[in-house]
Amino acid sequence: MTPPPAAAAAGRKSPATVLLLYVACAIVLLLLLTSYSPRLQSHSHGRSLHRRLKLHPKSFPSSSAAASGGSGGQHQQQHHHHAASFDPAIAELERRLDDKEWEREHYRLLHGDEDGGEPDDHMKEWEEFLKEEEDFINDDDRFNLADRIRALFPKIDASPTDGFVSLDELTSWNLEQARADQHHRSAREMELYDKKGEGIVSFETFNTLRQESHGEGNMLGFPWWKEEHFNASDANGDGFLDKAEFNDFLNPSDSDNPKIISLLSRQEIRQRDKDGDGKLNFDEYFSGLHDHIHGYDDENADISHIGNMTTAKIRFSKLDKDDDGFISEHELEPVLDKLYLSERYYARQQAIHAISEADTDHDGRLTLDEMIENPYTFYGSVYLSDDDDYFHDEFR
């Protein structure tokens, strides 16, 4: 029996209703797929399941560093430099790792041949320590990145304390961490020469032991380990280097010692002074120095000015403070940081990179929320756990 027309109409759904049902089902299905996608899933504390922090012991500038000689130290320093860790807790773990590797490398010098241990025993300890500590820093319950950033933020936001981290504040923080690493490495290196534990090293002791195991290479691009350089590092002139002076000796480009600064300037003059008058005329400056210090007074200098005679004359006149037509050792000092890149330079570059990555509102500074939302900008070395062959190391 055929149903009445009214009943048939009531049993059918309109095309619009059917369409809405299909759309609703599609949305629900999409949400379910998204929520179960392994690439979007994360820890309750915000750490991605596919990123793993890695510890990186640093290669260290020291009297044992073997770098090929060259003209100027900028290239060598760029090649060997490792950015300091943002978090002091990570830095401490990396120092301990570095110490174990360093002791293995210098085992014979430290312990002699009579000691019953072997260098490879220290490598086993190193590997066990590495695994244990990397497990620690990747456990959100024990090392939560958001909590670490919250704890560090007020220490960085210090000048002024205004709820924002500026470029200068982040640079200062990075520099503080870098110098802590630097002093630690220098104190450790000093152990090779200060056999009696007196806290001082003479040039005779240093030179004898260095020649037993090391070459002339260093990070400046020219031989630095001469008595002239040792004496320049001896700030108080007592014939010995204490820990602070030894640190300056190993890291002259970061030293504030006027004698070291003067010696570095003199070294540059020597390398480029073709007529031997102890200063640079314009031709000597243009052919040997201008391109190395390009843009020292302007971070946004046009690269096309490299090799430009007109630009070179303008910059030469800026350096030639007494207008005598020459650049003296003293007049060269303001651009030494372009020739020998210091930790301050790297700290600033590191800060510029971090702000460019995490500054989501583009106001040139960082809030606490921006830093927490971008933790791997600061904790930057990670493995992607679903691709063991891929390793990514951020500029930390």
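Cβ atoms are placed via backbone N, Cα and C, with glycine included.
For the domain 'EF-hand' (227-256), the list of distant contacts is 61-63, 73, 77, 179, 182-183, 185-187, 189-190, 199-203, 206-207, 220, 262-264, 336-337, 340-344: same-chain residues at least six beyond its ends, Cβ to Cβ under 8 Å. Taken from TrEMBL, the feature domain 'EF-hand' covers 227-256 (among others).
This prediction places the mean pLDDT of the domain 'EF-hand' (273-295) at 86. Among the features that TrEMBL reports, domain 'EF-hand' is placed at 273-295 (among others).
Look at TrEMBL and you will find 307-342 (among others) tagged as domain 'EF-hand'.
The domain 'EF-hand' annotation in TrEMBL covers 346-381 (among others).
Positions annotated as region 'Disordered' by TrEMBL: 59-86.
The helix, strand and coil residue counts that DSSP assigns across the domain 'EF-hand' (227-256) are 18 helix, 2 strand, 10 coil.
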